[in-house]
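Taken from TrEMBL as is:
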SIGNAL    1-18  signal peptide
TRANSMEM  171-194  transmembrane segment
TRANSMEM  233-251  transmembrane segment
TRANSMEM  271-289  transmembrane segment
DOMAIN    275-391  domain 'Ferric oxidoreductase'
TRANSMEM  348-369  transmembrane segment
TRANSMEM  376-396  transmembrane segment
TRANSMEM  408-426  transmembrane segment
DOMAIN    431-484  domain 'FAD-binding 8'
COMPBIAS  495-506  compositional bias 'Low complexity'
REGION    495-529  region 'Disordered'
COMPBIAS  519-529  compositional bias 'Polar residues'
TRANSMEM  579-596  transmembrane segment
Amino acid sequence: MKTATLGLFSLAIGEATALIGYGISMYKPNCAFACRSHFASAMLSCSGDDHFQGAHSHGAGPTSPDCRAGDTAWLTTLAYCINSTCTDVAPWRLEQYWADKCTGDPSVQPKWTYAEALVELEKSGPPTQELDEEAEMPVLNFTALYNQQSWETARGTLFHFEYAETMHSRYGIVLLVIGFGTPVFLTLLGYLPFMSSLLDKLKPRFVYPSLVGAYHVRALPFNLGNAPTIGQTWYIAMFLVLNIVLTAVGYRSYQPNIYFANRWEEIMGYISARTGVLAFALAPLVILCSGRNNILLWLTNWSHSTYMLLHRWVARIFALQVILHSIIELELYRARGDLATEQSAPYWVWGIVATLAVVIMVVISTLFFRKLSYEIFLIMHIILAVFVLVGSWYHVELLFQRKWGYEYWIYAACAVWFADRALRLLRVVKNGVRRAEVTAVTEDIVRVDIKNVRWDAVPGRHTYAYFPMLDPLRPWENHPFSVIPTALLMSRGHSMASRSGSSSSSEPQNPCPDVEKSGVTTTTSEQMRRCTSTSGISLYVRKSTGMTKALHSHASLLTLLDGPYPNNSTASVLRTDRLVLIAGGIGITGILPFIAHHSNVKLFWSVKQSAGGLVTDLEGVLSSLKEEQVAVGARLDVDAVLGGEAEVGWKRIGVVVCGPGGLCDDVRAGVARRGRAGSVVWELDVEAFSW
């Protein structure tokens, strides 16, 4: 699965043949292109009214390729200029240029090769007259001299234009590589010997705390969104500054210019192109961060929730680049007086489609709209993303016909998206069609038991479950759930006879009684389930407003599984002297798998009175713990919990928390505060599905 999104780097690998400056040359040999540009606007004897537009290529004139291919004056004039100015270019390169560019269409070859044109030129003698450039429509019907000043202007323009385009490509590659490589680099940096003690000091100060008070999992006031942690903010700030710098630097003006009337138009034209290319470069990264099969989840120790948050922030930067590109183009063409003509062009229309789709995506992606109906938001989000990609592709396809490689950025973005979707499908197929037993635990919580699913019992993982028969009109709907090995729920030990506001112990009880020894002749269905299941997973689901609302007791519910996927890297919290598990409500399901992976565990769990059935259902696994505290109908005092653990004298304490946003954020703030003030080293893992 680690190859899931290698499509991202297929772009970087393919740059050698894909982008301007990296395999694609715009105007080389520069001298020859300057010659053609110098004479391209002149009418020939064979020029007609059927103007050849040449894919918006620079220097295309109102003359067809067939006309140029057979026009003697055009061929000899161009050959003379090239022969006079390209003295340091190899003859074979000039022949190649002649075959590809002389007529404006490589499929239409001139009647003479370059060498033959030079022979004809020798026969007729050197030219003695320049083309009358002052004429309203100069006509080239003789072998003309080139004007040195005009040729220099064309040559300088083409050189600086290609330089600007090369910088666009270079900075796009830099942006993509740094965006992708930074998480990998920081993860590898953490493995250096001297980094361990340094990170212990940095984490509670510059990684764990939220940027805004105790808001991270829970939303900011007025549903303004989710504040990043300080650690996440470092990446966001770095990437924003990098975008600003790469948008603002690397421009060289050249005046007089054959494309731009003044320096302002020239620089605006370059900035417009730069913002467009940088937006394209960001697209694969935006999609990568949102994917379930994000290769960075396997290459780094960053969490899925972190990448989802970065997805939103990188997408906002992407939107800014798109909007800047559109505004600058609009103002540039308005200033040049070409706006009315350009607005009706198909390439412009598709650009507007993509821009509007981006703007709408930014609006509906706010937390307010996501909370209104996440399912509707998700469908609209995908549809609008398709419009962005399709609109962008047509925008550059209609304008350039794949001449300059801009479409490769879009191919890379599509490759990442399709790879993720294909791997999702493969995971579902690999897991097969399953039948789940659904058991009501409380009024709004059900347990979904899926037998014979043999996944490694690794903590901190989740799966996406499909229940297509619950709503046949929306069979694609799925939700993430923490994975609990069913075997963990069959733990033998001390069951809990009674629970009120705190934990208590009881007499040993075997959940799988021996009939011959006990004389019991009947067992409950619950006992049979626990005693006969040898493999499988269990999901605890709180019924909500979507697909899960229809979940009820069912003996054989059709189920599809896409997973398992990692939530966070658990290595750090498991390498501690003490592991403290803190859960709120159904968040207990996210931390139960940790019980079997550490020898010194203490559980703190607060649960509403109405969810007492969940406590009863988990008695078997809870009773296997030596230390646990369950508060039914009461809240946990997070500060007291952390303070009590710190006073025991452990040198390194791992804390795993899963539950409501307020609980997760309070634990985060408490761990960060105590990590800054005391001698205890704290490791934090927040298992929050706050995407």
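Using N, Cα and C of the backbone, Cβ positions are placed for all residues, glycine too.
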May I ask for the residues of the chain that lie six or more residues beyond the transmembrane segment (233-251) and have a Cβ under 8 Å from a Cβ within it? 164, 167, 171, 174-175, 178-179, 182-183, 206, 211, 267, 270-271, 274-275, 278, 310, 313-314, 317, 320-321, 324
Sequence-remote partners of the transmembrane segment (348-369) [C-beta within less than 8 Å, at least six residues beyond its ends]: 219, 223-226, 312, 315-316, 318-319, 322-323, 325-326, 329, 342, 377, 380-381, 384-385, 387-388, 390-392, 394-395, 398
If you run through the domain 'FAD-binding 8' (431-484) with DSSP, how many residues end up as helix, strand and coil? 1 helix, 26 strand, 27 coil
